[in-house]
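Listed features, source Swiss-Prot:
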SIGNAL    1-15  signal peptide
CARBOHYD  N40  N-linked glycosylation site
CARBOHYD  N74  N-linked glycosylation site
CARBOHYD  N160  N-linked glycosylation site
CARBOHYD  N181  N-linked glycosylation site
CARBOHYD  N319  N-linked glycosylation site
CARBOHYD  N348  N-linked glycosylation site
Amino acid sequence: MKAIIVLLMVVTSNADRICTGITSSNSPHVVQTATQGEVNVTGVIPLTTTPTKSHFANLKGTKTRGKLCPKCLNCTDLDVALARPKCTGTIPSAKASILHEVKPVTSGCFPIMHDRTKIRQLPNLLRGYEHIRLSTHNVINAETAPGGPYKIGTSGSCPNVTNGNGFFATMAWAVPKNDNNKTATNPLTVEIPYICTEGEDQITVWGFHSDNEAQMVKLYGDSKPQKFTSSANGVTTHYVSQIGGFPNQAEDGGLPQSGRIVVDYMVQKSGKTGTITYQRGILLPQKVWCASGRSKVIKGSLPLIGERDCLHEKYGGLNKSKPYYTGEHAKAIGNCPIWVKTPLKLANGTKYRPPAKLLKER
């Protein structure tokens with residue numbers, strides 16, 4: 001059998017070119033590679049975004065806490081933390097919390113010497129727990145505490161729900177009940193039991209009252225500075241009261257007060273007892289906070305509007321449109337993009353190849 005060979009001849013002119021291999025049009029996309037530096041590619045997918053500032057929002061898939069007690073109207077977070085009259089209510093559980101007051105504003109009710117203690121940290125301490133509740137029972141009987149019997153002091157600046165005189169539910173203002181025990185006393189000690197459910201932290205609020213010399217004698221029978229100490233969970237704190245030198249001060253339109261109170265708290269771990277050593281003017285602990293779980297806390301602002309994937313301290317609420325972001329680096333919680341210094345691109349095409357030239361026919 002004879003083989004038949006068919007020859008295909010292509011006749012070209014001097015101006016003709018034949019392009020072979022992969023070709024593409026010119027590309028504006030440039031990517032930075034580890035081995036070849038800048039490389040032109042036929043296509044890229046941007047992986048980064050630069051957010052714009054927005055309002056804070058609820059975190060998708062979880063409850064987000066703004067104010068400690070949303071239904072406690074006209075109450076600061078410190079009012080709620082101290083259980084001021086008319087400022088007690090349910091604190092919703094939350095796995096994420098907005099720290100909207102870096103330095104919580106003052107409580108009303110009675111003039112507090114905030115700068116002597118860490119009391120302004122109390123709302124933010126509570127905010128860091130997922131579950132928070134105020135005990136239904138008092139931790140001790142204040143009327144029969146050492147140095148008593150006591151009557152429980154109230155203030156016209158702290159109206160209760162019936163608009164009578166009241167005081168913070170977390171503390172009892174222990175005033176000697178009769179003239180027989182309105183005298184100076186050596187330091188007295190009371191044990192503060194653990195009354196929360198096992199596994200919860202117990203946050204016990206306490207403090208002391210001081211006034212000018214005349215009022216100290218009238219209330220307590222002693223005008224000298226008084227000493228106070230709290231101890232719990234390996235932390236011991238000492239105070240000496242200041243006598244007099246206070247200008248009259250009214251809180252929230254209440255009655256002017258010549259005295260001041262210093263308020264502090266101690267954290268008692270599960271099953272652990274605390275102690276308070278005191279003299280005259282003690283504000284004995286009553287209802288305590290029982291707290292458990294952890295809530296992720298981020299600095300932000302209120303109100304919370306809508307829902308977002310991520311909460312970012314600098315940008316507010318974000319939806320995750322890209323896996324990475326550029327711009328300001330700050331704390332973020334939720335389903336958040338990762339911060340990178342420079343934009344990232346993913347090459348989804350081929351390396352740009354210029355058209356190949358056909359050798360001219362000789």
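Cβ coordinates are placed from backbone N, Cα and C, and glycine is handled just like the others.
Here the features listed in Swiss-Prot are painted onto the structure.
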residue : record                      : Cβ within 10 Å
N40     : N-linked glycosylation site : 17
N74     : N-linked glycosylation site : 9
N160    : N-linked glycosylation site : 14
N181    : N-linked glycosylation site : 15
N319    : N-linked glycosylation site : 16
N348    : N-linked glycosylation site : 11
- Compare the Cα of N348 (N-linked glycosylation site) against each of the glycosylation sites N40, N74, N160, N181 and report the nearest. N40
- List only the single closest residue to N40 (N-linked glycosylation site), chosen from the glycosylation sites N74, N160, N181, N319 by CA-CA distance. N319
- CA pair N319 (N-linked glycosylation site) / N181 (N-linked glycosylation site), Å rounded to integer, equals 65
- N74 (N-linked glycosylation site) - helix vs strand vs coil (DSSP): coil
